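See structure below.
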């Protein structure tokens, strides 16, 4: 991602409020009356008795009332400047920008991949970590071939360690992660051969699988002797209810099949990032719905502001892909007007970019590799490794 910043500064609106205007007008009017009285007195001097020196007649003295002036009325008034404090409004910020291209549409944590949308990104094993080498002791992994992206790995460790601490259940097994296009093809062919069908609602078409992103894990359960499907009930309901706190979603929930094109899979979890997962839970969105929803928020219409359960504060908004070679994605900068807020830009794998700006960090941290689960017994089995 290129970062060619150029400021796009926007002026704040100013509204002036004037104080004590009524007092000032009253003083001016009083001065005018006094002047008029003085002028009339002077014009009558020629006809006033006693002006010829007659000592029996005295001229009445004219006393000018003292005028008390409000010192505030003689000083220039200082304008009161009102600035926009609404975090959802463009006018609350100044911006720099980042250049993005169509090649970036398939990169990021919010890429949408389904049976109608082919994955446009590219992932190599160099971009991944081996789960067996990075995991803590709170769960199992099927073998050394299971790999995912580091950001998904950190969140996975945190989630499953907290699951164990909450339930004392250590039977979750990660059985699948990243899949190459060749592996996808083999699974799809096997599925069609076994069913005799021409398509599948259980296995994604090659190139259209979320597993290609490196952001997905599939769970099963293992008690040390036998395997059972992960169904999201019982103790495992904790994962279904709390995965959003770690940036994960259950990607293919019941009731959303018409949108996801895949039958309900309680074992399939996708990493999208904490603010997005929490918003999706708030609105009961699947990823397809969320990608459409977020297009309502742009730099022109206003940002989506989200404060998550851990106290973090985010701005989220969408920038459509430009018809030009490059798309300018604007990023708000901090009060020093030189440093951008922490941000992430993800392509949606279709037609634009989703920007996530962190205004305030939350309290949640990722779990250490060994976590607090050192008391869990390890296993030396080749295929079911702790």
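Numbers here mean position along the shown chain, with the first residue as 1.
Cβ coordinates come from backbone N, Cα and C, glycine included.
Just so you know, TrEMBL annotations never went through curation; they're auto-generated.
Database features (TrEMBL):
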- 48-74: compositional bias 'Low complexity' (COMPBIAS)
- 75-88: compositional bias 'Polar residues' (COMPBIAS)
- 155-273: domain 'D-alanyl-D-alanine carboxypeptidase-like core' (DOMAIN)
- 46-88: region 'Disordered' (REGION)
- 365-386: region 'Disordered' (REGION)
Quiz item: Over the domain 'D-alanyl-D-alanine carboxypeptidase-like core' (155-273), what does the predicted model average in pLDDT?
Solution: 96
Practice problem: Summarise the domain 'D-alanyl-D-alanine carboxypeptidase-like core' (155-273) by DSSP state, stating how many residues are helix, strand and coil. | Solution: 49 helix, 27 strand, 43 coil
